[in-house]
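In TrEMBL this protein carries:
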DOMAIN    57-382  domain 'Amidohydrolase-related'
BINDING   Glu137, His201, His222  Zn(2+) binding site
BINDING   Thr148, Asn225, Ala226, Arg233, His257, Leu313, Ala314, Gly315  substrate binding site
ACT_SITE  Asp280  active site, proton donor/acceptor
Amino acid sequence: MGTATADRAISAPRLFDGEKWHDDSALLLAGEHVAGVLPRASLPSTLPCETLRKGTLAPGFVDLQANGGGGLLFNNAPTVETVLHMTSSHRRCGTTALLPTLLSDTASVMRAGADAVRAAQACGEAAAAGVLGLHIEGPFFAPSRRGTHRGDRLRSCSAEDIAWLSSLSDLHCLLTVAPEVMAPGQIRQLCTAGLTVFAGHSDASYEAVQAARGEGLNGFTHLFNAMSPLSAREPGVTGAALDGTPDWLGIIADGHHVHPASIRIAQRCASPGRLFLVSDAMATVGGGQHWFTLYGERIVQRNGRLINAEGALAGSAIGLVDAVRYCHDVVGLALDECLRMASRYPARVVGDKTRGHLQPGARADMVLLGTTLEVAATWLGGVRQDHATLR
């Protein structure tokens, strides 16, 4: 691909292609895909070019844990309309693809959510291109580490569950489980069927996690949160996650879930390219609402935290751009790595080679960021949507 196939271009003062920076360059587009990158001075004069006077053009963000957005929570309304509305709402946060995430719930809610994702992917609407698949977080969790998940929704995994979950492999399905709750061989069955299985909400021992790894488990959901901690004589789930293996490590960087030093430690311990950002966003993200209900309980946003009546955290009030900004400004990570953690790495988790970068053949899903990392615009398949004026 290159200028021969390109039908238009977008020039920017600064462009990040997922691997390296390009100054005063142009992104070549061919339909919905990227055809290449050229110095702006080398652009053919006959090629139509949209000129961005300010900002940084980067790959659109990929969020693998989004529970809600724009005033809606997926569990409360597991419908096609909710999926598309969430996807559209998260574009204001720079996210161009996501996994709608179901929290532990009844079998009917879980099945309705899966049906909604499948129908959304096939509906043909523009927002459907941002629906990557489905993240099912629960209900096979340790009660002692349930967090905000409702206790009476938790249970063990049955043969019927295995059969149903195995039927979701076409959806890019990520499943979070507590390894100690799963019977021997169940994780292997799910991985063989094509699901990606992570550990989370777990009180498992280091040895139990190692056994689950042997069956195909290859990642951890919201590292440090709702998992047995690292201690001197029992590394627990946290220690297993940080033990230098090539597993995927998702983390919530909102300033409330994880201390910035812990994020730096995780970044040093993780295998290169394996620590990625998730929002854990709830209904308040991408809209003006400051409260919602979860399992019939009112959750309110106070001082940037989403809390229940007991004051416990109940998801996050951020989008991925906020996590990128926090990791850069507070944690102190390099901006290019922060951008990869929100785009290239999560795309790799679900095996999507067309997202998370702007190299030839990638989808033309981009975000335009300002000097304070605010989202000015996004492109989905090369189609622009404005969100704010660049500062």
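Placement of Cβ uses the backbone N, Cα and C atoms for every residue, glycine included.
Keep in mind that TrEMBL annotations are predicted by a computer and have not been checked by a curator.
Reduced to three states, the DSSP call for His201 (Zn(2+) binding site) is coil. Of the chain residues outside the Zn(2+) site list Glu137, His201, His222, Gln65, Gly138, Phe141, Gly147, His149, Thr176, Gly200, Thr221, Asn225, Ala226 have their Cβ within 8 Å of the site's Cβ mean position. Cα separation, Ala314 (substrate binding site) to His222 (Zn(2+) binding site), rounded: 13 Å. Within 10 Å of the C-beta of Ala226 (substrate binding site) there are 23 other C-beta atoms, taking all protein chains into account. Here the binding-site residues are His201, His222, His257, and the one with the most other Cβ atoms within 10 Å of its Cβ is His201. Taken together, the residues in the domain 'Amidohydrolase-related' (57-382) have a mean pLDDT of 97 on the 0 to 100 scale. Of all the binding-site residues listed (Leu313, Ala314), Leu313 has the fewest other CB atoms within 10 A of its CB. Ranking the recorded positions Glu137, Asp280 by C-beta neighbours within 10 Å puts Asp280 at the top. Taken residue by residue with DSSP, Asn225 (substrate binding site) is part of neither helix nor strand, so it is coil.
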